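Sharing a structure here in structure tokens format.
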Amino acid sequence: MSAGRVLLKRELSLAWGGGGGPLLACGFFLALTAIVPLAAGGDPRVLQPVAGGIAWIALALASLLSLERLFERDFEDGALDLLALGPLPLEAVFAVKALAQWLAIGLPLAVAAPVAAIALGADPGWAPLILGSALLGSLGFAFTGALGAALALGSKRGGLLIAVVVLPLFIPPVIFGAGALEQALTGLSPWPALALLGATPCSPWR
Amino acid sequence: MDIANGSHMIGRLCIDDLGLSRGERVLFHGLSVDLDAGEALALTGANGAGKTSLLRAIAGFIRPDAGAVRFSEGPGAEIEPETARARHIHLLGHLEGLKGARTAREELAFQTAWCGRGGIDSAVEALGLAPLLDLETRKLSAGQRRRLSLARLIAAPRALWLLDEPLAPLDARWRAVATQLMQDHLAGGGMVIAAVHDPLDLPCHTLDVGAAS
Amino acid sequence: MVFGLANPDRFMRFTRPLMPVVWAAAVGLLLAGTWLSFTAPEDYQQLDTVRIMFVHVPAAWLGLAAYVALGVSSFFALVFRHPLADAAARAAALPGAVFTALALATGSLWGKPMWGAWWVWDARLTSVVVLFLFYVAYMALRAAIDDEAKAARAAAVLGLVGLVNLPIVKFSVDWWNTLHQPASLLRAEGPSMTAAHLTPLLVMGLAYMMLFTALWLTDIRTEVRRRRVLTMRARAAQEA
């Protein structure tokens, strides 16, 4: 088994174990989605126009989940030394960890996004577009988020610090992702926005 | 024991005029040591003298103020530090990098696969880990955790062992076993650098890190 | 009786002969209920879609009942520190969450033909979503803490808080709903139920109850055995 796969397997087992991973992410996502109509009123005429946007906000916030532990836990218990002595350069370790983060958190969130949008009154016909843009967007969130998590390493106030560092970096994916929905809604082609969205996971290497 | 991982291995380690500091404090400077295959080096010195920092500098985790650490296969055949780190060095620190929620078997299998290739069976036997394998690592005692970490050195052969207080949590029986494992490693052409408080029970050079400055 | 059963050995001995009976009753009732559901006459208004009710309504009942079981077990786990009560609370979570999710999913399927929308934020549906979130929170908390004794205590407190909070949430959501009247939509209540529909509904309700009991007891028994294995392993490790 190649080193990358060995590491990915371990990262996934760590992300899924301990109650993290899909359950937590989807629970948070669902709670956020459910609280919007409670705060803004359940009238579909109010909710429908912003359904896609709310799903994107929820996606961005839920993507912040468990970022704090992504590198911190390996730093605290010494596993980072072990990872640094492995066959992969640290850049590749970073990429594998970000990918595992996406598989455990981003992917389930992206699948939940169309459900949330429809529950908020979006047209079910938009589901494939919402799913596609959420898949790309969550990939962007995972990689930029991992960058923020790596930068905040060793600080004593991980969670909020990472949110403050990372949320501004989340702006481009949010603009392109919600923009794709907006353009499709007004009859324009969503592809340019989706293409830009697809480029956002590369941002840690720019 | 076959340590040759791939086609080549470290035959010589040169620490050349090394200077290290931690924060503002200079730990030592002008430290030079050479180590050949089959040799062991015990690092002694008071707490805070810089034994751990020296080990981490050899592994390439700390950038030295001055000097360099060089690895070579033999005369004139240098090994890049990145290559040495990726293939030839084991570092066993105070923190063992074990994940509490995973079982000893999962952790050992991952560490072995990550550091090289090889089965875990002989290491499990050498360190008496069989009854512990299905326990989650957070349920292990300090000595058991250390034995689990030592197992990775056996299971994934690498030439240079950097050990930080390797025997401290072990009882007399397992100290003897671990010492024997180090001797076997040396006999197979490996190298050991260990930070210790009690002298190692094997033929080795000694370097007093505190006195080097 | 209940306190006598709190001894794990006695519990295992007592429930052992019960298990096949409970499982047989669950499967038998489910088959009967399914048959009755499909042979029940169409509703004059809802036509065939009325059959969704036979899955949806019992699932919602059991979703709530399982949470009550979880909360009460949590109370006993907290007050008497009893491992069996803890196992009971833990075992109720997953089936309860699945029943609740089933109620939400079938409710959504039912809502489309009835209300013309997959989802409507009315008081009852929103309360069920919150119930589901309670389950998710309970399971997530349980799984997140490595130390099992600590996880059990934290989860028991959460289960109990949830039990106390459910009526409060229900009340506040009702209040919210009267504050924001949803736009013109049909009400959920159809015409009052006929016996032809009531019988399959009750049989299905009973079937779900037996199914939950079977799953619950099986899980508790597995948990008791798992803890025995853990104890033995720890003992073996100590000798090593």
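Numbers here mean position along the shown chain, with the first residue as 1.
Quick reminder: no glycine exception, Cβ is built from N, Cα and C everywhere.
Automatic, uncurated: that is what TrEMBL annotation is.
What TrEMBL shows for this protein is this:
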type	residues	note
TRANSMEM	A:12-40	transmembrane segment
TRANSMEM	A:46-67	transmembrane segment
TRANSMEM	A:99-120	transmembrane segment
TRANSMEM	A:126-153	transmembrane segment
TRANSMEM	A:160-181	transmembrane segment
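Mind running through what each feature is packed against?
For the transmembrane segment (A:99-120), same-chain residues at least 6 beyond its ends with a Cβ under 8 Å from one of its own Cβ atoms are 8, 11-12, 14-16, 20-22, 25-26, 29-30, 33, 36-37, 47-48, 50-52, 54-56, 58-59, 62-63, 65-67, 70, 126-128, 130-131, 134-135, 137-139, 141-143, 145-146.
Remote same-chain partners of the transmembrane segment (A:160-181), defined as residues 6 or more beyond its termini with a Cβ less than 8 Å from a stretch Cβ, comprise 52-53, 56-57, 59-60, 63-64, 67-68, 126, 129-130, 133-134, 136-137, 140-141, 144-145, 147-149, 151-152, 190, 193-194, 196-197, 200, 203.
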Let me spell it out: take the transmembrane segment (A:126-153), skip the flanking residues so only those 6+ beyond its ends count, and list any with a Cβ under 8 Å from a Cβ in it.
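Same-chain contacts beyond the flanks: 52, 55-56, 59-60, 63-64, 67-68, 70-72, 75, 94-95, 97-99, 101-102, 105-107, 109-111, 113-114, 117-118, 161-162, 165-166, 169-170, 172-174, 176-177, 180-181, 184-185, 190, 193-194, 197-198, 200-204.
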